[in-house]
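These come from TrEMBL:
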| type | residues | note |
| --- | --- | --- |
| SIGNAL | 1-22 | signal peptide |
| BINDING | G103, W104, T105, G106, T107, G108, K109, N110 | ATP binding site |
| DOMAIN | 273-330 | domain 'Torsin-1A C-terminal' |
Amino acid sequence: MKPRKQHVLLLWLLVCSGVTGAIEPISTTIAVGMAATLTAFLASYPNIFNYFHECCRPELNASVDLENKLFGQHIASRIILKAVNGFMSNSNPKKPLVLSLHGWTGTGKNFVSQLIAENIYREGMDSSFVHVFTSTLHFPHKSQIDTYKSQLQQWIKGNITNCERSMFIFDEMDKMHPGLIDSIKPYLDYYERLDGVSYRKAIFIFLSNTGGDSIIQTALDFWQAGRNREEIELKDLETSLSLSVFNNKQGGFFQTSLIDKNLVDFFVPFLPLEYQHVVQCAMAEMKARGLQPRREIADMVAKDLVYFPKSERVFSVKGCKTIESKLDYYT
């Protein structure tokens, strides 16, 4: 007899929820029966994995591999490793994890978000539980900010109701309309539940170019003083970074209660990249393409970029952002 779709859906839900592990010992007869039912159903519905391909049971598979993949960002690597590992190992966090990543373009902010997703969710950035909002795409019109606020609240509530370990990435925070992000402030606070929903196990990541100028100035100050960039510490940047973000009238964090109420766990600075880091990016990209990494090609790519200050050519203006297109030309 052909199995009923709702029966196997129930079986799938039991597996995803972990309930099957709680009904031990399970007899061999039942186990074989369940396997036979599932096999028969999959044969009848070959596209079922398009609908039920991922369970809401994300966990940190391994330490986020930042130190070997993120170049020139010793501060960001250290903060994010500790923050994400600590949060995911906590079965009862008091609030969601909120990270705000700042720095010029091409320094690794989006790349870090991708690495976090790949280490927590089986499908990585394609996971049903990873949600990306881009300000200029999803919230383009200032006149509709009230509508956006309502939609944003409903999107977050609905997705966390579906999976409490969801991750939300907000790109281009420096282009977001001021006041919009405050609409989700309650979801980032220390509430145990809001309307029956707990938001404490979610991750919120904000990406912004705001504060990049103050980060660059600090890096320049250290370089001009003859100090190693690895000597730069979070304390050298954190205060000026949070103030510049909070007081930027054009950005989404302008005088936001998220900062005023200390709901952002870490303001993470991304330093401007030097020549050596661009070379590392080029070598890594060649390896990712299945090519033998060649230093002479990496050097050609790195030399082709624009650096500042103009006379000394210390920091890459676009970081590693154009590496892929440059490699297409040189390989």
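Counting starts with 1 at the first residue shown.
Cβ atoms here come from the backbone N, Cα and C positions, even for glycine.
What TrEMBL says about a protein is an automatic prediction, not a curated fact.
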Averaged pLDDT score, the domain 'Torsin-1A C-terminal' (273-330): 95
Least surrounded among the binding-site residues, given as T105, T107, N110, when other CB atoms within 10 Å are counted: T105
DSSP-derived helix, strand and coil totals, residue by residue, for the domain 'Torsin-1A C-terminal' (273-330): 31 helix, 5 strand, 22 coil
Proximal but sequence-remote residues of the same chain as W104 (ATP binding site) (Cβ under 8 Å, at least 6 apart): N209, G212, I215, I216, F270, P272, V317, G319
Cβ packing number for G103 (ATP binding site), 10 Å threshold: 26
Largest tally of Cβ atoms lying within 10 Å of a Cβ, found at which of the binding-site residues G106, G108: G108
Sorted by sequence, non-G103, W104, T105, G106, T107, G108, K109, N110 residues with Cβ within 8 Å of centre, ATP: F111, N209, F270, G319, K321
